[in-house]
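The transmembrane segment feature in Swiss-Prot is assigned to 48-68, 313-333, 353-373, 385-405, 443-463, 472-491, 505-525, 550-570, 571-591, 592-612. If you look up Swiss-Prot, you'll see 81, 239, 243, 247, 248, 254, 257, 536 marked as N-linked glycosylation site, on the strength of sequence analysis. Swiss-Prot lists 106-145, 223-261 with the feature region 'Disordered'. Residues annotated as compositional bias 'Acidic residues' in Swiss-Prot: 110-129. As annotated by Swiss-Prot, coiled coil applies to 199-227, with the evidence given as sequence analysis.
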């Protein structure tokens with residue numbers, strides 16, 4: 001719909017251009033493909049600015065912001081509807097294991113297995129029945145309450161003396177605590193009042209032990225108070241009797257009194273030590289209770305760790321985009337203003353240098369490949385600074401965005417006063433954000449990207465030695481254009497050399513690179529997806545992607561060949577030219593060798609652009625895209641489902 005509206009606006013401004021061409025260019029800009037059927041260098045500034053807006057709306061980086069906003073909205077809505085899904089500093093898998101308080105624990109199957117055995121209606125009925133107890137168990141159940149349990153995974157330590165089996169030694173920043181409680185259907189409140197919770201039982205045992213110790217202490221104090229009086233009476237009687245005895249007996253009596261006094265002092269010291277130990281134990285117990293009550297804040301989403309982490313992304317991503325735009329615009333514009341040869345090129349094409357800098361900064365960062373010159377960037381193929389700067393903008397806005405985002409988070413976490421949200425993003429990347437990968441997948445993405453670039457440069461140097469496109473160039477300029485072509489061929493679509501002068505072997509190399517243009521990113525995206533069937537399975541990802549990516553272009557090329565059968569028979573165009581343009585559209589690259597197309601073929605190309613853009617997006621089963629998509633057997637998911645049914 002956005003592409004259609006943009007096309008209508010382009011038609012209203014450039015009314016001489018056919019609507020099908022406006023529609024083609026509008027969707028080409030929105031999908032950041034960059035293919036054009038007419039020369040846009042002569043369009044008005046208003047139309048070009050509209051193209052910049054469409055390009056920005058289709059930006060790979062900008063499209064991640066609505067996902068972040070969606071997840072934050074979901075968290076707020078859940079907290080506002082009920083206070084059952086909450087815990088300050090909770091990790092994304094807040095309740096990962098469901099333990100029913102009256103039923104034996106059992107493992108739940110995945111959604112795919114359930115869908116194979118039961119239809120959707122039966123699954124819904126089973127979801128409702130799972131809340132009810134078995135009548136044969138003869139156990140009392142309150143219809144107003146829903147008893148649930150689970151493992152609460154917190155980011156701060158609560159009790160280091162947890163029972164064995166509940167501690168997670170592999171996660172240094174997370175601590176697992178089993179919880180069991182009830183949810184009131186009417187008030188939607190959750191309470192940890194179930195006696196089956198191990199933590200509650202441990203606290204009750206500690207309280208009983210403290211009460212017993214206090215009773216023993218009171219008994220000891222009473223005995224100590226009675227002991228001096230007894231000792232005095234005994235001493236008086238003994239002294240009266242010993243007055244009639246000899247001096248030796250008197251000395252023995254004095255020795256007895258001394259030993260009793262020493263024993264008394266020892267008992268007092270022992271009691272003091274016991275009281276100090278009890279005081280320390282009480283203080284530790286109170287501190288543990290404070291820590292236990294602090295993270296279990298079930299009524300505030302502002303303390304939720306995932307919510308805080310998403311908030312940091314809402315600041316970092318716009319700052320990332322704006323910073324790159326400013327640096328790219330100023331650097332390119334300043335270079336053009338300071339270079340006489342660059343100014344002469346702009347003047348010859350009737351383009352302002354600063355406007356050229358702004359337009360190409362947006363086009364390069366968003367990998368659109370749209371240019372203000374009719375021959376793309378061929379006129380500046382000897383400008384080292386411009387080509388290198390544009391190439392940096394290209395990979396910062398597409399393939400290497402996850403790499404630099406992870407580096408930024410790592411650096412910020414080292415110097416910020418609040419590092420917990422950043423650490424949460426680094427430790428749980430794909431469960432929170434689509435374009436943030438774990439460390440292993442991030443390194444693999446960067447290594448594969450480097451291998452692709454080096455391989456393309458080497459193959460171009462091997463296959464394109466005597467091509468006319470590189471005549472009158474020195475070795476440094478040739479190597480520069482090899483490098484720029486390796487960066488631009490797979491994503492952006494800028495061309496610094498005339499493609500029609502390249503050999504068919506090099507063009508065939510370009511076809512292969514455009515076809516696999518987004519594979520490094522797609523593989524990292526699918527392998528790192530949370531609760532995905534292709535998680536950590538590169539081979540399965542490649543099979544699924546290749547089957548789909550071969551079938552879709554083949555069908556579209558077949559239809560285009562049917563629509564352009566007359567041009568093929570007359571030799572105006574060739575099958576290879578159709579293949580090159582189709583793969584360029586499907587890969588959202590934008591390289592073109594300028595072929596003539598009919599109206600129906602242009603519509604097929606629009607469908608190819610949209611299909612190519614869709615394959616770079618996460619699947620619908622990705623947890624970081626669909627936060628409400630929890631397992632059907634999860635308690636939270638059931639409660640939300642039943643709540644929606646009541647509203648209906």
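In case you wondered, yes, glycine gets a Cβ from its N, Cα and C as well.
By the Cβ criterion (under 8 Å, sequence separation of 6 or more), the transmembrane segment (385-405) is in contact with the transmembrane segment (472-491), since 3+ such pairs are found. Counting residues 6+ beyond its ends, the transmembrane segment (571-591) has Cβ neighbours under 8 Å at 28, 31-35, 367-370, 489-493, 495, 499, 504, 507, 510-511, 514-515, 517-518, 549, 552-553, 556-557, 560-561, 564, 605, 608-609, 611-613, 616 in the same chain. Taking Cβ pairs closer than 8 Å, the transmembrane segment (592-612) reaches residues 20-21, 23-24, 27-28, 31, 33, 35-37, 493, 499-500, 507, 552-553, 556, 559-560, 563-564, 567, 572-573, 577-578, 580-582, 584-586 in its own chain, all 6 or more past its ends.
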